[in-house]
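Visitor: Feature annotation from Swiss-Prot assigns NAD(+) binding site to 77-90, 277-289; the stated evidence is sequence analysis. The substrate binding site annotation in Swiss-Prot covers ARG97, ARG107, ARG135, ASP220 and rests on sequence analysis. Residues or ranges marked as site 'Important for catalysis' by Swiss-Prot on the basis of sequence analysis: TYR142, LYS188. Here Swiss-Prot flags ASP220, ASP244, ASP248 as Mg(2+) binding site, drawing on sequence analysis.
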Amino acid sequence: MKTYKIALIKGDGIGPEIIDEAVKVLDAVASCCDLEFSYEEALMGGCAYDITGDPLPQETINISLNSDAVLFGAIGGAKWDNLPREKRPESGLLRFRKELGVYANLRPANVFDELINASSLKAEVIKGVDLMVVRELIGGIYFGEPKGRDENRGWNTMVYTREEIVRIAHQAFKIAMSRSKRVCSIDKANVLDVSQLWREVVIEVAKEYPEVELTHMYVDNAAMQLIRDPRQFDVMLTGNIFGDILSDEASMLSGSIGLLPSASVGAKIGVYEPIHGSAPDIAGQGIANPIATILSASMMLRYALGEHGAADKIDAAVKRALKEGYRTKDLAQYDAKEVCSTSEMGSIIANYAAK
């Protein structure tokens, strides 16, 4: 039996509720896959600030680095919006990513046939969409120096090094090898020097993956093509700010952010989390959709632990639950046969995953 240590960071708002359901499903799939999980909880976000005065206590970093993976819920809320920037929950998350050395954000976007009417786009446009946005996470304009402002000007600097581009490109090509073997690198090489370097380095890395087809696209065109014909994409490789925008755009292809997981991975350890926020307005009501967090646990099994069979079981269980008409409140208007609470949806998926 394989044993894995998982750090649980439940966070704020609906975070504790959705993490509990993901753990329920992990334990269910462990029972039939000869796996065992041990969990250690840690604080981050507003809840951490309330208890310790710091949105990211050192203990949380230590627990995470001593684990095989981190399963994370969500942080933030209006309660903490007026704190100094360095004390806000979001500041803790940025520091957390830096401490763990995560540099790649993986955002899958696929469309469940059972929920095809939830999308704003026509069914014939999105049916069969299955893409992955691979976004560089700790470089680019969000972190470049110099940056600042005075009364009349503000400035930021977009910087990428060859090393940063090489490692994110390898991540994208390795993922493509397990998918449809196509990478589209997104840049703005027609006007940005940094994008010209990006494109040159990606072309160099591509030579190590001759089975993978590489194409290039300017970011403005990519934003349009995601709406016009999203099925043309398999793996979309891009930098921090472009990926920030494109991954949010791609997330709406499915029609609900409550369905979509993500991973932030690097040399040390990976963090697996839903793409949605902490939704404090519905916290404690038992109506949050846990599917994105459950699918984040599946990504954790696949990319952090190499347990592809267990991940496949969770993915199939989610699909079965949706096919049979189970819906949480956010999806109730889309062919629901039974509207479930957060806990009920977790139990249904756990039951299917255990078979």
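Each residue, glycine too, has its Cβ placed from N, Cα and C.
Fair warning: this is a prediction, and the values are worked out from it, not measured in the lab.
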Visitor: Would you kindly give the Cα-Cα distance separating LYS188 (site 'Important for catalysis') and ALA283 (NAD(+) binding site), rounded to the nearest Å?
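Guide: About 41 Å separate the Cα atoms of these two residues.
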Visitor: Of the binding-site residues GLY77, ASP81, ARG85, which sits closest to ARG107 (substrate binding site) by Cα distance?
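Guide: For ARG107 (substrate binding site), the spatially nearest of the binding-site residues is GLY77.
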Visitor: On a C-alpha basis, identify the one among ARG135, ASP220, ASP244, ASP248 that is nearest to ALA279 (NAD(+) binding site); the candidates are the binding-site residues.
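Guide: That would be ASP248, nearest by Cα distance.
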Visitor: Looking at the recorded positions ARG85, ARG97, ARG107, ARG135, LYS188, which sits with the largest number of other Cβ atoms within 10 Å of its Cβ?
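Guide: Selected residue: ARG135.
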Visitor: Can you list, in sequence order, the residues of the same chain other than ASP220, ASP244, ASP248 whose CB lies within 8 Å of the CB centroid of the Mg(2+) site?
Guide: VAL219, ALA223, ILE241, PHE242, GLY243, ILE245, LEU246, SER247, GLU249
Visitor: In terms of Cα spacing, which of the recorded positions GLY77, ASP81, ARG85, TYR142, LYS188, ILE287 are within 10 angstroms of ARG135 (substrate binding site)?
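Guide: Correct set: empty; none qualify.
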Visitor: Let me know the DSSP-derived helix, strand or coil state of TYR142 (site 'Important for catalysis'), please.
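Guide: Reduced to three states, the DSSP call for TYR142 (site 'Important for catalysis') is helix.
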Visitor: In whole Å, how far does the CA atom of ARG97 (substrate binding site) lie from that of ASP248 (Mg(2+) binding site)?
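Guide: So the Cα of ASP248 (Mg(2+) binding site) lies 19 Å away from that of ARG97 (substrate binding site).
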Visitor: Counting Cβ atoms within 10 Å across all protein chains shown, which of the binding-site residues ALA279, ALA283, ILE287 comes out on top?
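Guide: Result for the most crowded candidate: ALA279.
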Visitor: Please classify the secondary structure at ARG135 (substrate binding site) using three-state DSSP.
Guide: strand
Visitor: Out of the recorded positions TYR142, LYS188, ILE287, give me the one sitting nearest to ASP244 (Mg(2+) binding site) by CA distance.
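Guide: Considering only the listed recorded positions, the nearest one is TYR142.
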